[in-house]
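Novice: Taken from Swiss-Prot, the feature topological domain 'Cytoplasmic' covers 1-27, 76-103, 167-174, 229-249, 310-331, 377-390, and the record attributes it to a curator's inference. The annotation transmembrane segment is assigned in Swiss-Prot to 28-48, 55-75, 104-124, 146-166, 175-195, 208-228, 250-270, 289-309, 332-352, 356-376, 391-411 on the grounds of sequence analysis. Marked as topological domain 'Vacuolar' by Swiss-Prot: 49-54, 125-145, 196-207, 271-288.
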Amino acid sequence: MGLEEQGRAREDTPLLGKGRPLSSKFKTFANVFIAIVGAGVLGLPYAFKRTGWLMGLLTLFSVAALINHCMMLLVHIRRKLGVSNIGSFGDLGFAACGNLGRFVVDILIILSQAGFCVGYLIFIGNTLANLSKPTKSTTLMSLRHLMGVSPKSLYIWGCFPFQLGLNSIKTLTHLAPLSIFADVVDLGAMAVVIVEDIKITVVQRPQVVAFGGMSVFFYGMGVAVYAFEGVGMVLPLESETKDKDKFGKVLALSMLFIAVMYGSFGVLGYMAFGDDTMDIITANLGAGVVSSLVQLGLCINLFFTFPLMMNPVFEIVERRFWSGMYCVWLRWLLVLAVTLVALLVPNFADFLSLVGSSVCCALGFVLPSLFHLMVFKDEMEWKQRALDVGILLLGVILGVSGTWSSLTEIFQE
């Protein structure tokens, strides 16, 4: 196997690359954190505003428990099959139900990864447009009136040529360390927002609600599922763990820690701003220097995370349509498609809910429970069978209802 082939990414390739030594418990914990925590957390306060803080918390912790359970289902399936070359979700789909299984997983991974990148562009466009609101006539305003486009669209199109260049890189080894930067900036932004939330809450106590009603339940589920999406990384992470018998415990503790962090962030953000909570919480921080630096930092980290998240899409599309060979024009077409979708979607949090309700529900709930049913069908007790069927049906119901709810919200904008 040549060096170039070894450097090619697959849908199971961790963003930080695969290290030679196996991972300790702490490193596994950190890898789970990096694989899951992303920009979705910034939409949680707005989701709590829609669902109510108590319903939001219940939804968040329920989704965390379900995602953790379904991740472990994938691990149990691989151990049961005992096939050494099952390294990714797609490989497991093929082992469980042949080419159809791999095809379905591939399609959903393409949609989910591309959906994340659409969300990144929406965030960048909306944030930069918010930061650069002119107080008088400027070149930006002149361009807007001349071209008939919004500032958000101008910023997204401004990213486009640079993304073409970044996504033309065959191997992302040199960009991979930026995923560490992305998580550091995310944590920094969360810390700044939490501090500001506490300071604002002490001064003013806006009215908040505990339950927003069942009409927004599926909306909240979609945002929560998006925020915890990372099921495709569980197999490579488990493969790299030194003490595999303790992997389930480490994963559960990681998910609990992330859920507590997410819940605190969402509740404090909503408690601070109440009905004025915006779809991207950093926009509530005002126009100060610290706020601007945090928002610019988030834009930069998402800008460089974009090609990392698109890499699994390129791998799948090139494997299926270009014999696995590098194809720059195919990559450019995919980047163009993602850009065009980002231009059409107005609201960051609404889009999180759409992707979470549709694609992430299928990847996180439906497929793991379905594959588990198929592989363990001859030795399952009725309780386990009922649990798998229940999760499968829940995933389908949440997917259909949440997708409809999110599309309704988007088209009402």
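In case you wondered, yes, glycine gets a Cβ from its N, Cα and C as well.
Looking at the shown structure, can you explain where the listed features end up?
Specialist: Cβ atoms under 8 Å from those of the topological domain 'Vacuolar' (49-54) belong to residues 208-213, 216-217, 219-220, 266-267, 270-271, 274-275, 277 of the same chain, restricted to positions at least 6 beyond its ends.
Counting only same-chain residues 6+ beyond the ends of the transmembrane segment (55-75), those with a CB under 8 A from a CB of the stretch are 44, 47-48, 89, 92, 210-212, 217, 220-221, 224-225, 227-228, 230-231, 234-235, 238, 247-248, 251-252, 255-256, 258-259, 262-263, 266-267, 270, 364-365, 368-369, 371-372, 388, 391, 394.
Regional average pLDDT for the topological domain 'Cytoplasmic' (76-103) in the model is 85.
Only residues 6 or more beyond the boundaries of the transmembrane segment (208-228), in the same chain, are considered here, and those with a CB under 8 A from a CB of the stretch are 36, 38, 40-41, 43-44, 47-56, 59-60, 63-64, 67, 255, 258, 262, 270-271, 274, 349, 352-357, 360-361, 364, 398, 401-406, 409.
DSSP places the residues of the topological domain 'Cytoplasmic' (229-249) in helix, strand and coil in these numbers: 15 helix, 1 strand, 5 coil.
Within the chain carrying the transmembrane segment (289-309), a Cβ under 8 angstroms from the stretch's Cβ atoms is held by residues 15, 38-39, 42, 113, 116-117, 120-121, 123-124, 127-128, 130-131, 159, 162-163, 166-167, 169, 172, 175-176, 178-179, 181-182, 185-186, 188-189, 192-193, 282-283, all 6 or more beyond its ends.
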Novice: Near the topological domain 'Cytoplasmic' (377-390), which residues from the same chain, at least 6 beyond its ends, have a CB less than 8 A from one of its CBs?
Specialist: 73, 369-370
Novice: Take the C-beta pairs under 8 A between the transmembrane segment (104-124) and each of 28-48, 146-166, 332-352, 356-376, 391-411. Which stretch has the highest count?
Specialist: 332-352
Novice: When you scan the chain for residues with a C-beta under 8 Å from the transmembrane segment (146-166), skipping those not six or more beyond its ends, what do you find?
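Specialist: Hits for the transmembrane segment (146-166): 121-122, 124-126, 128-129, 132, 140, 175, 303-304, 306-307, 332, 335-336, 339, 342-343.
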Novice: Do any residues, 6 or more residues outside the transmembrane segment (250-270), come within under 8 Å Cβ-to-Cβ of it, and if so which ones?
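Specialist: Same-chain contacts beyond the ends: 25, 28-29, 32-33, 36-37, 41, 44-45, 47-49, 53, 56-57, 60-61, 64-65, 67-68, 71-72, 190, 193-194, 197-198, 201, 208, 227-228, 234, 241, 277, 281, 284.
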